[in-house]
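Since the structure comes first, as structure tokens, the remarks are kept for the end.
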Amino acid sequence: MRLAVIPGDGIGPEVVAEALKVLGEVVPDTEITRYDLGAARWHATGELLPESVLGELRQHDAILLGAVGDPSVPSGILERGLLLRLRFELDHHVNLRPARLYPGVKSPVSDPGEIDMVVVREGTEGPYAGNGGLLRKDTTHEIATEVSINTAFGVERVVRDAFARAASRPRKHLTLVHKTNVLTHAGSLWSRVVEEVSLQHPDVTVAYQHVDATTIHMVTDPSRFDVIVTDNLFGDIITDLAGAITGGIGLAASGNIDATRRNPSMFEPVHGSAPDIAGQGTADPTAAVLSVALLLDHVGQSEAARRVEAAVAFDLATRDHSAPGATFAIGDRLAALVSSREVAQQA
């Protein structure tokens with residue numbers, strides 16, 4: 001496997017180092033190329049994502065990203081010029097966010113039940129497509145628009161991906177989350193596409209919920225959800241809530257996926273660069289390690305992915321959550337666990 005690694009900013013390099021430590025135990029022959037994209041490169045050269053680097057990234061099987069963001073860089077520069085550009089250039093139309101409450105992890109929900117859901121969020125359309133602008137700026141008559149783009153092609157491919165994932169899971173249940181009673185045009189398109197694709201998956205049960213009702217049920221009855229499919233904006237919001245009820249975004253992994261596999265998909269922990277704790281060796285690398293599991297599953301290394309997931313599950317069930325250990329110590333534990341007898345029995 002040819003892997004491009006973007007350690008990024010803040011705690012990104014620290015958690016990526018531990019994720020690679022675990023990866024080396026399960027796929028030792030991985031060919032790794034590191035890229036110094038992020039705040040430091042921008043300060044030094046003014047570059048965010050040179051065309052030459054983008055071309056090199058395309059030649060890899062997958063990309064592992066640590067975190068991007070630094071208070072010394074004006075807000076939005078790294079996000080738009082690096083993260084969003086990668087997403088659009090590499091056609092990462094599926095944003096995949098699993099949310100599982102592992103044994104041993106405390107949820108802020110009083111009676112959460114068994115939480116094991118996957119949110120399939122559309123990643124290249126909606127209001128993030130950049131269709132909008134300002135008229136009469138800085139006047140009392142200023143107008144700001146942000147147009148949500150929803151194409152039949154874009155909606156169908158993410159809905160098909162969500163149905164395929166639902167069909168492969170034990171519960172075989174899919175929920176469309178939208179706001180069809182108000183966003184009638186986009187809502188109609190999403191609803192019709194889900195209905196059409198559902199005919200090809202008679203084994204998958206289908207439900208619909210308004211996005212506001214979804215936020216309620218994620219807190220009061222999160223175990224009802226299996227696979228959720230939704231648009232870019234709604235997905236951005238509810239995935240953070242899903243992370244919060246399953247132990248926080250410090251345990252949340254994500255994948256930015258080109259389901260056609262024409263471009264390398266990118267995997268990253270959901271947490272940010274956390275510059276306030278960077279360099280202290282206290283960042284939890286678990287989300288980065290779980291991102292490696294998603295990566296391995298995507299490239300066809302499912303057995304290795306199960307070992308990594310089982311190692312994380314064992315560690316979370318047995319660790320002292322009030323003092324989980326230094327960054328390197330957690331990485332060492334997980335690297336040892338992926339080859340242990342305990343994990344072999346669970347994987």
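Quick reminder: no glycine exception, Cβ is built from N, Cα and C everywhere.
The feature substrate binding site is assigned by Swiss-Prot to Arg87, Arg97, Arg121, Asp212, with sequence analysis given as support. What Swiss-Prot lists as Mg(2+) binding site is Asp212, Asp236, Asp240. Here Swiss-Prot flags Gly272, Ser273, Ala274, Pro275, Asp276, Ile277, Ala278, Gly279, Gln280, Gly281, Thr282, Ala283, Asp284 as NAD(+) binding site. Swiss-Prot lists Tyr128, Lys179 with the feature site 'Important for catalysis', giving sequence analysis as the kind of evidence.
Ala274 (NAD(+) binding site) sits 16 Å from Asp240 (Mg(2+) binding site), counting Cα to Cα. For Arg97 (substrate binding site), the spatially nearest entry among the recorded positions Lys179, Gly272, Asp276, Ala278 is Gly272, judged by CA separation. In terms of local Cβ density within 10 Å, Arg121 ranks first among the recorded positions Arg97, Arg121, Lys179. Largest CA to CA distance in the NAD(+) binding set (Gly272, Ser273, Ala274, Pro275, Asp276, Ile277, Ala278, Gly279, Gln280, Gly281, Thr282, Ala283, Asp284): 16 Å, whole number. Within the same chain, residues at least 6 positions away in sequence whose Cβ sits under 8 Å from that of Asp236 (Mg(2+) binding site) are Arg121, Tyr128. The distance from the Cα of Thr282 (NAD(+) binding site) to the Cα of Asp240 (Mg(2+) binding site) comes to 22 Å. Under the three-state DSSP scheme, Tyr128 (site 'Important for catalysis') falls in the strand class. Only Lys179, of the recorded positions Lys179, Asp240, Asp276, have a C-alpha within 10 angstroms of the C-alpha of Asp212 (substrate binding site). For Lys179 (site 'Important for catalysis'), the nearest neighbour among the binding-site residues Gly272, Asp276, Gln280, Asp284, judged by Cα separation, is Gly272. Same-chain residues at least 6 positions away in sequence with a Cβ under 8 Å from that of Gly272 (NAD(+) binding site) are, in sequence order, Gly10, Ala67, Gly69. DSSP gives Arg121 (substrate binding site) a strand state. Cβ neighbour density within 10 Å is lowest for Asp212 among the binding-site residues Asp212, Asp240. Report note: the Mg(2+) site is defined by Asp212, Asp236, Asp240, and the residues of the same chain whose CB lies within 8 Å of the CB centroid of those residues, excluding them, are Val211, Thr215, Leu233, Phe234, Gly235, Ile237, Ile238, Thr239, Leu241.
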